[in-house]
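What TrEMBL records for 1-109 is region 'Disordered'. Under the heading compositional bias 'Polar residues', TrEMBL lists 1-26. Annotation source TrEMBL lists domain 'CsbD-like' at 17-67. Per TrEMBL, compositional bias 'Basic and acidic residues' is recorded for 46-57, 64-79, 86-109.
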């Protein structure tokens, strides 16, 4: 856990790439200032903030990739069912969801 609660994501909130990147950058800045001033506690706090930010960013990426996989699979299923039953609307909707899932996975790889 980081030493700056204002930078932390609460336990009930979802991981966020933006928040993770912010925490990581702020941690790096604190660590740099700590090194420059010889403030070892600030340096250590910065390292912890940076690590927490990197972990949150990775968690958000993993979550996004999993959501993309879910959309891709569900879309493929809907597309196939639509094709088999002749329901063009379901087939098209399924294709769109499958494409959306592929894009989500790509963004979070």
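Here the Cβ of each residue, glycine as well, is placed from N, Cα and C on the backbone.
Nobody curates TrEMBL annotations by hand; they come from automatic prediction.
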Tertiary contacts of the compositional bias 'Basic and acidic residues' (86-109), as residues 6+ beyond its ends and Cβ separation under 8 Å: 60-65, 67-80
Local confidence of the domain 'CsbD-like' (17-67) - pLDDT mean: 96
